[in-house]
Structure formats: structure tokens, C-alpha cells
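Visitor: Annotations per Swiss-Prot:
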type    : residues                                                                                     : note
BINDING : Arg94, Lys98, His100, Glu120, Asp121, Leu122, Ile123, Ser124, Thr125, Gly126, Gly127, Ser128 : 5-phospho-alpha-D-ribose 1-diphosphate binding site
BINDING : Ser124                                                                                       : orotate binding site
Amino acid sequence: MKKEIASHLLEIGAVFLQPNDPFTWSSGMKSPIYCDNRLTLSYPKVRQAIAAGLEELIKEHFPTVEVIAGTATAGIAHAAWVSDRMDLPMCYVRSKAKGHGKGNQIEGKAEKGQKVVVVEDLISTGGSAITCVEALREAGCEVLGIVSIFTYELEAGKEKLEAANVASYSLSDYSALTEVAAEKGMIGQAETKKLQEWRKDPANEAWITA
């Protein structure tokens, strides 16, 4: 599953690997990878594979789920497809409450005591997913965990998720992606080394000259 999804993401250009010409993230950090899972929306076969995979993860790890919650905005579509496949209620969670109307942060119904699984497109440092989890907990929901399409497998993300006491499972990850990219001849040994060094310590730009 991990390599299959990784292959899909590479084929449609949802993930770019540029170890020799790094991207600059909004945080200012240099990165050899850029992920835009919104592109999956434009490819029916890919999004169907993702929905089926997320459903499988949820049934395996969170079988008592009662509500599917998407993170705004990237997780909303995938949450909708998964909830439809599972015939479950769905809601989505904003990064913060609206400044108008009812001032809702949670749109749709997620009632006190209900068991909820969060659907996220990408786990980087885990910030947006944890914001979603906290909002649901404040509403009295029991958050069973998070499922996502892809994770960078960053230590900072793992630590934040552990600190928030929330389980998280991804369809694919950085390790599988770099392995598939190497198998496809998209990166060579030197590029693979840079990618491995970046993941060990993203804040240390020494990987650029590795």
C-alpha cells in the first residue's frame, strides 16, 4: 500500500523531489521535497485508491469510529469520500473559529461523546491535525486518532503527536516515497543520501552539501 500510494503521488506530480535545488517552506526551512496532495482531487483513480486506503486504515485501527472529521481545507474532500464509503456522518474543522455568523470552528455535527477519526492530507509537524483534534476534544468528542495520505516522518511531528496523545497512521511515507523514486530512476545515490540526511535533521542545512 505505502509504495503504491507513493507511486501515484510521484506520477501525478503531487510530490516533487529536488534535493539539488531545494524548496523553501513558509517557515523558511530549506527542503528537498514539496507535497501538494490537492492535486489528487483531479485524478479519479488516485483519489479512489486513497479513499479505499484510508477506509482500510480506519477499519483496522479505529473500528468503533462514529464520525469522520476532515481538516480544513485539504482534508475535507478526502473525509467526504471516506465517510461516504463507510456510510458515516462527516464534519470538518477549521484552523480557528469563524469571525462571523455562529463563529463555528467545527462545521457539521460532531456531538459530545461521539468517537471521531480525523482525516488529514499531510503530516509534517502535525500542527494542523493537532489543532483539529483539540477542537474536537473541546467539543466533548472522543478522538480515536488521525489518518493521512502522507507523512514526512519528521521527529518533530512524531513528538507533537505523542505529546497530544493521539495515534496517527498514514497511507504512505517519506521512506517509501524515496525508495520508489530511486526504483523509478528519478533520483540517484547522491540525491538519495541528501534526502536521508534531511529527514534526520531538517533544520540543519548541512544536508544540502552532503
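Residue 1 is the first one shown; counting continues down the chain.
Just so you know, glycine gets a Cβ as well, placed from its N, Cα and C.
For the listed features, I'd like the structural context: burial, neighbours, distances.
Guide: In sequence order, Ala72, Asn104, Gln105, Ile106, Glu107, Ala135 are the residues near Arg94 (5-phospho-alpha-D-ribose 1-diphosphate binding site), counting only same-chain partners six or more apart with C-beta under 8 A.
Note on Ser124 (orotate binding site): other Cβ atoms within 10 Å of its Cβ, all shown chains, come to 19.
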Visitor: Within 10 Å of the Cβ of Thr125 (5-phospho-alpha-D-ribose 1-diphosphate binding site), how many other Cβ atoms are there?
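Guide: That number is 18.
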Visitor: DSSP three-state call for Thr125 (5-phospho-alpha-D-ribose 1-diphosphate binding site): helix, strand or coil?
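Guide: Note: Thr125 (5-phospho-alpha-D-ribose 1-diphosphate binding site) is coil by DSSP, not helix or strand.
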Visitor: Around Ile123 (5-phospho-alpha-D-ribose 1-diphosphate binding site), which residues of its chain at least 6 apart sit with Cβ under 8 Å of its Cβ?
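Guide: Sequence-distant Cβ neighbours: Ala129, Ile146, Ser148, Phe150, Thr151, Tyr152, Gly157, Leu161, Ser168, Ser170.
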